[in-house]
Amino acid sequence: MSAKLLIVALSLCLLQSGLVAGISLSLGDITLFNVNFKTPTFLGRSVAVDSNVRLENDVDPNIQEDSHLNTYSLIKKYGYPAENHTLETDDGYILTLHRIARPGATPVLLVHGLLDSSATWVMMGPNKGLGYLLYDQGYDVWMANVRGNTYSRKHVKYSTHHAKFWDFTFHEMGKHDIPATIDYILNSTGVSQLHYIGHSQGTVVFWIMASEKPEYMDKVILMQGLAPVAFLKHCRSPVVNFLAEWHLSVSLVLKLIGVHEFLPKSEFISMFNRIICDETTITKEICSNVIFLTTGFDKLQLNETMLPVIVGHSPAGASTKQMQHFGQLNRSGGFRQYDHGWLRNHWIYGTIDPPSYHLENVRAKVALYYGQNDWLAPPEDVEMLHHKLPNVVEKYLVEDKEFNHLDFIWGIDARELLWDRMLEIMRNHENSVI
């Protein structure tokens, strides 16, 4: 019975997202679709049969080492000034903050996306990591880690074995983690403002901070959103669209993805790896990594040589409730707080439906960068966000038509296609720094 319920939920989410054509899925002896499968056209590119990637053999020892090093060690290895910092939020979470230190320079806060960590900004190495590039351009670089990821798994009262530790979504990150991180950086550096660069969920938490604590807008020189997310009405991620239907069988879904911590089981991975992969896809590591199953991938912008490093650092952790919240945004089409069900909503919020976030409070200058082949932040949803924000100073659609959600941070040509433009815009808006 549980398998049949799973098939129903999966069918609904795939039909909703329009991803069924050319897909064959089965669970045991139950077949959902029986169509001749070809490389998915919705990826935007065909995936070549030939590949020189071998994660198990013939891997550069340097790359193999990087796959096991933490963020601090990666920075130090390549000759940059690395620092570890810890801070405590007002609700008791202990967060790790990494820094490529340039005392006296303008600070830049980098906030990672869903299932990611501070490593994302440096793991591609010098000349290919945005964290290094910003430092080389004269900035004091700080890299956040939100609660629940690899580097922020401590609390003053609870361990990760307690359900209470995982009782959060990105709402708490925006309300507690990011304000605490900004205050820590400004207090440490003695300046009054910083640059903010967020990717994916790193933009979500900024909008929430503005909604719940609008006074923090005065502390931001410029917010730059890479693959900005708020509305998920047109989201094409099969994982998010599946989670939008989690209410069909709560107990079944929790068994598949983890009751408290998001720890997807092999059955869950298997359902989706056939959506983005077939027998010719470049490596099984892409097909079995939930971050690629959530966002998709771009063959021509993905540096296959670095796959061992990517796999070594991602996914970096999340709560099940956090993932469910993303599914709720997809289902509702709005940008609003967590839906506890009408009874608890009335008790917590005073209304049957969860309240929407106040995007009109985002008074800081905002630059939005988005791509045409982005599953999580498609142009239609970015346009909805753009119309709600009061102070957008730049909106740029990356020229590469196949630019994907992860290309904003890992793309081979990210600097030429985007980062140099970002640096120029940052300099143009630094007159307000005191």
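Placed from the backbone N, Cα and C atoms, the Cβ positions cover glycine too.
All TrEMBL annotations are machine predictions without curation.
So that you can see what the record holds, here are the features copied from TrEMBL:
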type     : residues : note
SIGNAL   : 1-22     : signal peptide
DOMAIN   : 107-246  : domain 'AB hydrolase-1'
ACT_SITE : Ser200   : active site, nucleophile
ACT_SITE : Asp374   : active site, charge relay system
ACT_SITE : His405   : active site, charge relay system
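Here the features listed in TrEMBL are placed on the structure.
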residue: Ser200; record: active site, nucleophile; CB count, 10 Å: 27
residue: Asp374; record: active site, charge relay system; CB count, 10 Å: 29
residue: His405; record: active site, charge relay system; CB count, 10 Å: 30
Per-state residue totals over the domain 'AB hydrolase-1' (107-246) - DSSP helix, strand, coil: 60 helix, 24 strand, 56 coil
Across the domain 'AB hydrolase-1' (107-246), average pLDDT on the 0 to 100 scale: 96
Inter-residue C-alpha distance, Asp374 (active site, charge relay system) and Ser200 (active site, nucleophile) (nearest angstrom): 11
Between His405 (active site, charge relay system) and Ser200 (active site, nucleophile): CA-CA distance (Å): 8
